[in-house]
Structures are given as structure tokens and as C-alpha cells.
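Read the structure below first, then the notes.
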């Protein structure tokens, strides 16, 4: 069987890995829009979380397998269509992720000083499309809309001491911009309450322990929550307890922590969580060009737990800030008119990864289940799709008796359109160059952010 996977992030690589491991004869080709592989592991994971990027080693093993090939710099839907891939392969798996962000849909969203967290993360992580973002960091107060791990990542990068960031693979230009940043206060605002936050305890603890930054949590937000979490699942319980403890801790309460608290009290930077506020409008400066604050509707919760809904109370509040980052979720886009797409949910309609109504077409990752979860979630999800493919091979739903040309057919299509794919050994040259540049600066790597420069490096 000749199979192909579209997208080289965790979903694509885990799908390929599982198929190759459990089928001794399958060949898998991986197509990627960028010259460089690994998707959100490279462009989404925070630079100060290098341990999360260790999965790259396993992905590299997969890509080096003699039954696997990587073709970068190929945009499926433009350079080659899904229909053309389906002609060339016995099965096609779409694992291209979520390359868009949800919009707030409020007035003032397009003022200068307002960015999506997705673009901001892409900027400091060297995603080519965001390399010219040039976010304005000349204000003291930043407002992040959203209570997920990405919101905490962005807050942490904005407030991290430079000496910590200098040792990471953060891009050179974003490091320079952060060195001149005036931001010293970051508010993370959510529509619902402390029991509905989506971030995890590891990320919260990291934020609380961030050197030179003081957490500002309002004790009133947490009254009575000890009772409410008695029967909550353990992760939710521990997370809420940590917030309560942080909100109620008074300087000097614990002898051990006196110095830490005193240092924090004198901390030049601060961050805090605000709850039950829903953005209504980004307020413009007098010249109407820039953001100067956000008007928020105060909300009350109807229902409890994860399904609680935020309903406006009629009261509003204004918060001053010169930088607004919206971190309310990523979104998948339709790739090709030939592929069914549920625009409401932003996913390809499927059951266990089998695309509805299109035999031989599959999906995995965020485009399959929506943009939630961490790498391990995506791993399990991709194994599930890979199982569907293996099962369909076993029972003959996929007809392998008809031979398929695989990349041979695609290569001539790409050639006729003037597209030259980048191989995995090409990527390894780019990788080596980045690591060498990083070494000179005392970093794990210095990412190349311009695709043209990547292509020049491999002699294009």
C-alpha cells in the first residue's frame, strides 16, 4: 500500500509512525507546506519548554525510515489537489492542523495594538508568515483574552527575564523586541470563573514562580471555592487549590517563603487573572488608530463545571491597555473543495478518522477533532486514525490490488507546475545550519525565518 499524509506536525508524524510500525509493507509519504517539518512542535511550543520538543527525535527516526519520505515546500490544495493525491495513493490522511485563529467579532478588533495570540506565538517562534508582525510593546499594560495554556505562554514570554529567554531558541528579532519592551503588567481575562480555566497546573505553577513577576489574584474571586471543588476531579481540584493558595498568601506567612515573597513584592512586573468578563469593544485612542483599552461586559455563570455559560449582567467595565492579545482558540480551514468541511465546528466530518462519504480519505489531529489538547492527545488521536487505515487495508475496503504510483505521479504534476519539493535530508542541512548559528550565540538553535533563505541554503 502507498499512503500519504498531508501535514508534518505531531498528527501527521504519529499517523505515519503507527502505520509503518504495524504494516511491514506500507510506504508513507508526508507532504508539508513549509520547507521545514514538525508543525506546532517547532512553531507552537514555547521556546522555554525545550523538553516538549524531544518528540522531534522520534519523528526524525520515522522520517529516516526507508519506507517513509518527506516532501516539504508543497502546498496541497494549490500545488497538487486532494483529488490528484487520491489518484496517486491508496489512502490519503489529512493532518494539516488549524492554521487560523478564531476572531473576537467585536468593534476595534483590527486597531493597531491588537493581535491574535496565534500570530504572536508564530512571531517569537519563527513561523515565516508571522516574521514581520512587529508587535508594539511600548505600553505598560497588556491584556490577554483567554484562560488557556497559550494565554499563559504569551504572558510568560512577555514577562520573562531576558537572561532566561536568551538561552532558548526564541528568534533573534523577537528577543531584540522583548529587550526594548515596556510591558510590565499582564492581565489574563476570561468570560467564566476560576473553575472553568483551561490552563493546566504545570503552566500555572511556572507562571507563579516566574522570577521578577508578582501574581495578583483577587481573594474575593475564590471565596467558597474550597467547598465547590470537594468532589471535583483531582486535576481540577489541585489547580483550583493552587490559585486559592496564591490569592490568599500574605507576605510573611511562611518563614521559608519570606524572602521569596519579599522579592516578589518588590518585583517590577506583575500579572493577574480576571474572571467573568467578556470583551465588548476594543477602545480606540483619540486619533482612532490604536487600542487604548477594552470595554468588558461583566458576566454571571449559569450552570456549573465545564458546561457553565457566561451571561452578561448588564454591567460593564473598562480596562486600560495598549496591547491586546486574543487567545480564544485556533481554527482549521477547508483545504480543498473536494473535501467535506463542517464550518460550524471547524473540522472535517469523520468517524474514527474516516472522512464521511469519501472512501480512502482520512483525517487526524486538530482538523479531525478540533483545536484542543496537547501533543499526547494528538498522538492517541492519530493512532486511532492509523488503526482505521490499517483495518480498512485488512478487510479490503482499500483496494491494494490496483497499483498506485505514489510520489512518482505527484512528482510529474509538481514538476509541470514548477514546484520543487524539499527532502528530509535538505531539512537536515537547514537544521545543521540553525544549530551552528545558535551555538555561536549560546542558544540551542537560531531559526531561519525566511523560506527563501532556507531554499538558498540547500542550493535552490
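Cβ atoms here come from the backbone N, Cα and C positions, even for glycine.
Taken straight from TrEMBL:
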BINDING   11, 32, 40, 76, 366, 373, 374, 375  FAD binding site
BINDING   147, 148, 149, 150, 191, 192, 203, 373  NADP(+) binding site
DOMAIN    2-158  domain 'FAD/NAD(P)-binding'
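The Cβ neighbour count for residue 32 (FAD binding site), using a 10 Å radius over every protein chain in view, is 26. For residue 149 (NADP(+) binding site), the Cβ neighbour count at a 10 Å cut-off comes to 18, with all displayed protein chains included. Look at the binding-site residues 148, 373 and count other Cβ atoms within 10 Å of each Cβ; 373 has the fewest. Straight-line distance linking the Cα atoms of residue 76 (FAD binding site) and residue 149 (NADP(+) binding site), rounded to a whole number, equals 30 Å. Shown in sequence order, 10, 41, 52, 55 are the residues of the chain, 6+ apart in sequence, with a C-beta less than 8 angstroms from the C-beta of residue 375 (FAD binding site).
For residue 191 (NADP(+) binding site), the same-chain residues 6+ apart in sequence whose C-beta sits under 8 angstroms from its C-beta are 276, 277, 278, 299, 310. When Cα-Cα distances from residue 203 (NADP(+) binding site) are compared across the binding-site residues 11, 40, 366, 374, the shortest belongs to 374. Neighbour density around each Cβ, counted as other Cβ atoms within 10 Å, peaks among the binding-site residues 11, 40, 76, 150, 374 at 11. Here the candidates are the binding-site residues 11, 366, 373. The one whose C-alpha lies nearest to that of residue 149 (NADP(+) binding site) is 373.
Listed in sequence order, the residues of the same chain lying 6 or more apart from residue 192 (NADP(+) binding site) and placing their CB within less than 8 Å of its CB are 147, 275, 276, 299, 301, 308, 310.
Largest Cα-to-Cα span within the NADP(+)-binding set 147, 148, 149, 150, 191, 192, 203, 373: 20 Å.
Other Cβ atoms within 10 Å of the Cβ of residue 147 (NADP(+) binding site) number 23 in total over all chains. If you take the C-beta of residue 366 (FAD binding site) and look for same-chain residues 6 or more apart in sequence within under 8 angstroms, you find 11, 97, 98, 330, 332, 372, 378. Reported as a whole number, the C-alpha separation between residue 374 (FAD binding site) and residue 150 (NADP(+) binding site) equals 11 Å.
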